[in-house]
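Novice: There's a structure below that I have some questions on.
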Amino acid sequence: MSRSIECSVKNLQQLINTEVLTKYQWQIVFTCFALVLLDGLDIAIIAYLAPLIRTDLGLETTQLPYLFSSGVLGLMIGSLLFGPLADRYGRKNILILSSILFAIFTIACGFAPNFYLLVICRFLTGLGLGGAMPISLSLCTEYMPLRHRMILSTLAWCGFTLGIAFGGIFASLLVSSLGWRGLFILTGAIPLLFLFLVARVLPESLEFLVRNNKASKLDNVQGIVDKLYTGKYKITPSATVHNGASRQPIKMLFSPQHRLLTLALWVAFFGSLLLFYLLTFWTPILLGDLYSFAQTNFITMMLPIGGTVGAFVLARWIDRQGKPFLRLASAYFAAGFLLLFFPSLTAWHTALILIVFLIGFTIAGAQNGLNLVAATVYDTRMRATGVSWAMAIGRLGSIVGSYIGIYMVSSEHPMRLFVYLATIGLACACALFVVSRSIAKQTNHQSNPEQHLVKE
């Protein structure tokens, strides 16, 4: 016999938090994992193919930042644009729309006849990616019970760092037969086909459906609950009139409750993604004169692979010890010191592989944690906006990182500049310490059970 549950945000969230993890929730996790893996592959492929594109199109090294930053600029604008749209019109539809956009224009990169059209295609690719990644993360987070949310959301987001790592394998194994143009076409075709599975598996946000007060919402909510718990629960109408989707989610980010938290998260996102993209894009160029194409790609792959391992280790550490912001701050603190040692190890192949792995472990691993924290500190009316805008600020850092990279390459002693990169890592640690203090002050005033993950 089915148990009746009133259709409210609180009741549905409590249901997810108290029930056992189901097969359908695992399907959501792995669908989001695969989607962001393809996103990461798409983002990274340009870094691995840059030396070949430069040779084929006769580009100067000074032109490469435009190629890198065009995609990152698209990511930033896409995050700013699609996040609020998802909060207003629903996660799933905007996720599919943005995914179609990045897949089509990745394919178009393979047909770009010159540098200028390639830059435009990378910008439009980034526009779609800027919506797909944060929306998929916020949707996945919503369907995970609190006791498993950190580790499962980390699992989904690790697809991104693995996708970046697979970009190196893709480039190394297939570039000789497909060329850089063929790799772009293949990289875009795979997610386009995968979208059929995304449309079939991923549900709309339950909280979004409830808050929008549409006449059909009860049937839609019942359908999702049936997929989750196979007819165990009957959803009944609620006497409570819920607030609709917020028309001012951006304004909510700067409410007295969230202002300091939002700004400190933005500082951390800016510095973290500046470091990650600078190292991802420019390591192949910086090491190109010291090692072969395959060796350089393998060394660069250690950054996202280390990030994947670091994400799980940090997630487990946070699950056991709590205080997530302090744990993430300690990772960035360690990254700052590791960056100081990087220049002295460039001539030692094995040591270089190890330190790049450890830098990825700390920077990319902590970035995974930041993505999750941003998704859990905001409620559904502003969640996609909060995650997307934080990532957009991070993309701005990525653009800055691209231009720091060209300054490093053109510098007489590029490795000496790593001392400044180390200070950025320490700045990220300080920003997260501020977040920790802010959360500690708010703890006594929080009644939302989602805040469980961020209590310090």
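The backbone N, Cα and C atoms fix where each Cβ goes, glycine too.
Since this is a predicted model, take the numbers as computed values, not measurements.
As listed in TrEMBL for this protein:
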- 28-51: transmembrane segment (TRANSMEM)
- 28-440: domain 'Major facilitator superfamily (MFS) profile' (DOMAIN)
- 63-82: transmembrane segment (TRANSMEM)
- 94-117: transmembrane segment (TRANSMEM)
- 123-143: transmembrane segment (TRANSMEM)
- 155-176: transmembrane segment (TRANSMEM)
- 182-202: transmembrane segment (TRANSMEM)
- 260-278: transmembrane segment (TRANSMEM)
- 298-318: transmembrane segment (TRANSMEM)
- 325-345: transmembrane segment (TRANSMEM)
- 351-374: transmembrane segment (TRANSMEM)
- 386-409: transmembrane segment (TRANSMEM)
- 415-435: transmembrane segment (TRANSMEM)
Novice: Summarise the model's confidence over the domain 'Major facilitator superfamily (MFS) profile' (28-440) as a mean pLDDT value.
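Specialist: Overall, the domain 'Major facilitator superfamily (MFS) profile' (28-440) comes to a mean pLDDT of 83.
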Novice: Residue list, the transmembrane segment (155-176) vs rest of chain: Cβ under 8 Å, 6 or more residues beyond ends.
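Specialist: Result: 29-30, 32-45, 47-49, 52, 133, 136-137, 140, 182-183, 186-187, 280, 293-294, 297-298, 300-301, 303-305, 307-308, 311-312, 360, 364, 368, 371-372.
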Novice: Look at every Cβ pair spanning the transmembrane segment (182-202) and the transmembrane segment (94-117), keep those 6 or more apart in sequence, and say whether at least 3 of them are under 8 Å.
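Specialist: Since 3 or more Cβ pairs under 8 Å link them, the transmembrane segment (182-202) and the transmembrane segment (94-117) do come into contact.
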Novice: Where else in the chain does the transmembrane segment (386-409) make close Cβ contacts, counting only residues six or more beyond its ends and a cut-off under 8 Å?
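Specialist: Those are 61-62, 64-65, 68-69, 72-73, 75-77, 79-80, 82-84, 86, 130-131, 133-135, 137-138, 249-250, 253, 258, 262, 265-266, 269-278, 281-282, 285-286, 370-371, 374-375, 377-378, 417, in sequence order.
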Novice: Which residues of the chain, 6 or more past the ends of the transmembrane segment (351-374), have a CB below 8 A from one of its CBs?
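Specialist: Same-chain contacts beyond the flanks: 134, 137, 141, 149-150, 153-154, 157-158, 160-161, 265, 268-269, 272-273, 275-276, 279, 283, 287, 298-300, 302-311, 313-315, 318, 324-325, 327-328, 331-332, 334-335, 338-339, 341-342, 345, 386-387, 390-391, 425, 428, 453-454.
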Novice: Any contact between the transmembrane segment (28-51) and the transmembrane segment (415-435)? By contact I mean 3+ C-beta pairs closer than 8 Å, pairs at least 6 apart along the chain.
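Specialist: They do not touch: fewer than three Cβ pairs between the two stretches lie under 8 Å.
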Novice: Mind checking which residues of the chain, 6+ beyond the ends of the transmembrane segment (298-318), have their Cβ under 8 Å from one of its Cβ atoms?
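Specialist: Result: 40, 44, 47-48, 150-151, 154-155, 157-158, 161-165, 168-169, 172, 276, 279-280, 283-284, 287, 291, 324, 327-328, 331, 349, 352-353, 356-369, 372.
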Novice: Under an 8 Å Cβ to Cβ limit, what residues of the same chain, 6 or more beyond the ends of the transmembrane segment (415-435), are close to it?
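Specialist: Sequence-distant neighbours of the transmembrane segment (415-435): 260-261, 264-265, 267-268, 271-272, 274-275, 278, 325-326, 328-330, 332-333, 335-337, 339-340, 342-343, 346, 362-363, 366, 404, 407-408.
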